[in-house]
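Participant: One structure, pasted below without further comment.
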Amino acid sequence: MSSINKKELKKFEKISHNWWNKDGEFGILHRINHIRIEYIIEKIKLHYNDISKLQILDVGCGGGLIAAPLASQGFNVTAIDALKSNIETATIYAQKNDLKINYLQTTIEELENDKLYDVVICLEVIEHVENVQQFILNLVQHIKPNGIAIISTINRTKKAYLFGIIVAEYILGWVPKNTHDYSKFLKPSEIYEILTDTNIEIKELKGLVFNLARNEWKLSNDIDVNYFMYLGKKINSLSNAINSIP
């Protein structure tokens, strides 16, 4: 079952050359990117004592806005995207900046099942895919036992409709009009329900809000609009028993 939304792909293909233009269609992502990177690294360091050999998977990597900064800090990153033009843009940037990133034009469904990662990242992607339940299940399938995942998306609330669509797209023009579809926004409780029968636990929910007075973005406990979800993959009791055998 494919997660690809062809309409969404066409929309992003038109602007895929512009990922690294801080004043372009992805400008808002550049403005929040330092927060996203800091949050990811904070959770990685919180969970792992040794981060030197971690394998990271960035799903729906776009032009490499997450993969590149992580690679620049020494992380081993594999980044995938369904769009060839996104991978081309990301690869060109990596080559220009002497970054080693394993970019692949593929989808989470097509990724080999036995490819497991210490950290799986999927930011601002879920609200653009089809078959979201299967997409999320495929996503967490690639987390190593005792590994973690960090995802972000937009809550389906009246406040999110107001700020995520009306204000962001039509008043302030932070993103192009029709970037988002309110019906595809996802409540945290819906993700929790999808993960109910898995060995994935939600470790933290954290909001990302815009402070109008200071003209800056910051992390918050307000998850009514944008939010991060920090996930952990539990090791089952059988695995623990096997690993404890001398």
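Note: Cβ is positioned from N, Cα and C throughout, glycine not excepted.
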Participant: For the S-adenosyl-L-methionine site that Swiss-Prot assigns to R36, G60, D81, which of the candidates L116, L123, L137 is also assigned?
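Facilitator: Of the residues offered, the record points to L123.
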Participant: Over all pairs in R36, G60, D81, L123, the listed S-adenosyl-L-methionine binding residues, work out the largest Cα-Cα distance in Å.
Facilitator: 19
